[in-house]
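Here's what TrEMBL has on this protein:
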| type | residues | note |
| --- | --- | --- |
| TRANSMEM | 24-42 | transmembrane segment |
| TRANSMEM | 74-98 | transmembrane segment |
| TRANSMEM | 118-139 | transmembrane segment |
| TRANSMEM | 151-169 | transmembrane segment |
| TRANSMEM | 210-232 | transmembrane segment |
| TRANSMEM | 269-289 | transmembrane segment |
| TRANSMEM | 309-330 | transmembrane segment |
| TRANSMEM | 366-386 | transmembrane segment |
| TRANSMEM | 392-410 | transmembrane segment |
Amino acid sequence: MTLLERFNEKVNAIGKIPELKQKIIFTLLMFLIARVGTHIPAPGVDIDRLSSMTAQNDLLGYINMFSGGAFQRVSIFALGVMPYINASIVVSLLAVIIPKLEEIQKEGESGRNKVTQWTRYLTIVVAMIQGFGVCMWLQSAGLVTTPGFGFVTTTVTTLTAGTVFLMWVGEQISLKGVGNGISLLIFLNVISRMPSTVVQTVQNMKGSKFLIPILVIVAAFALITVAGIVIIQLGQRNIPVHYVGRGFSGKGGVAQSTYLPLKINTAGVMPVIFASVLMMIPSLIVNSLPADMPGRIMLGRLFTQTHPVYLITYAALIMFFSFFYTAIMFDPEKVADNLKQGGGTIPGIRPGEETVVYLENVVTKITWGGAAFLATVSVLPIAIFSSMGLPVFFGGTGIIIVVGVALDTVQQINAHLVMKEYKGFL
């Protein structure tokens, strides 16, 4: 069976599951709404000059990538879901610092609903602050036709409302669609910028004798990166588990062997998304400072995406969030308790605390590999491609997000198919 025939078979299988088909259609409709919003500009900004500046500035281009082109138009969705990501990071960190908040998170659905509501409120605050920062930068860059209090008030309100709406869209996708809504919106924004970025880069290098070699290098890097991401995302460490049951006669024990799968990259693409969004903040703050402020130029250089300080900090944040998010996603105590209650044991490891320690050690070791891969693929291409005069967009961050989110979504679709006795995509 060819790949195309296999794909057609799975599409037909999806069509036979009304619930799954409705989820996919709903997700696509939400995508359409999100894309339409990126083309509705906020009033009072010189869009042509801003687009030109965005094309020539790596930082602005990077922000524009995460907003799906909305930033260069200062559309109602110019901030994207970045404020929500920032708010989520703050709440997650506070849950570690404040025991009471952690207890609330563990209260079940009611506790999670409380934390979600607090995250929404914090998102509004962050969006207003970031919107104000964008307004200050636009005015200092001379891109506003009628600067002043009226422009700031209108634009901050518009950008904040846009972020809140996108947050709602993301939540609706998670509830009624397929995949993680917020991650899918970032995926949509990144992938929507790829064709235009490639075309623009080729046009800029037209006539250069290095055009073909560079395109070959970029294509080879993309293929290797995609293959690596698939391996890391789907890779897992299988821990053998023995269960002791009873025979059909009710007499005597029957040993059953299975395994506990531990993902190499439990955190998925979230460490890259978190680190990328956080690294934008200092750059935006520096760019909003007065041009004649002492030390502004030096700070600006430090947070340039090609500066060693930026790259090292970016890699460190990816590593940190890989372990941090893994700790949130995987609870060794809960897993060990479930094994004990189900009569399962890991060979050579005693049930209880010894199992917890063993699982913690295994997860820590495999997380090092996944975290190091994410950091390397995200940082190394920035250093290499920037020296070749290519946009930072061609770095590994965008590819990691696109491939990682796509894999997660396909796996969710696959789970629906398996539940209905259909073979999955993978």
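Glycine is no exception: its Cβ is also placed from the backbone N, Cα and C atoms.
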Worksheet item: In terms of Cβ proximity under 8 Å, which residues at least six beyond the ends of the transmembrane segment (151-169) contact it?
Response: 30, 33-34, 37, 42-44, 74-84, 120, 123-124, 127-128, 130-132, 134-136, 138-139, 144, 181-182, 185
Worksheet item: So which of 74-98, 118-139, 309-330, 366-386 has the most C-beta pairs under 8 Å when paired with the transmembrane segment (210-232)?
Response: 366-386
Worksheet item: Apart from its near flanks, which chain residues at least 6 from the ends of the transmembrane segment (366-386) lie with a Cβ under 8 angstroms of it?
Response: 58, 218, 221, 225, 228-229, 232, 237, 262-267, 271-272, 275-276, 305-306, 311, 314-316, 318-319, 322-323, 326, 392, 394-397, 399-400
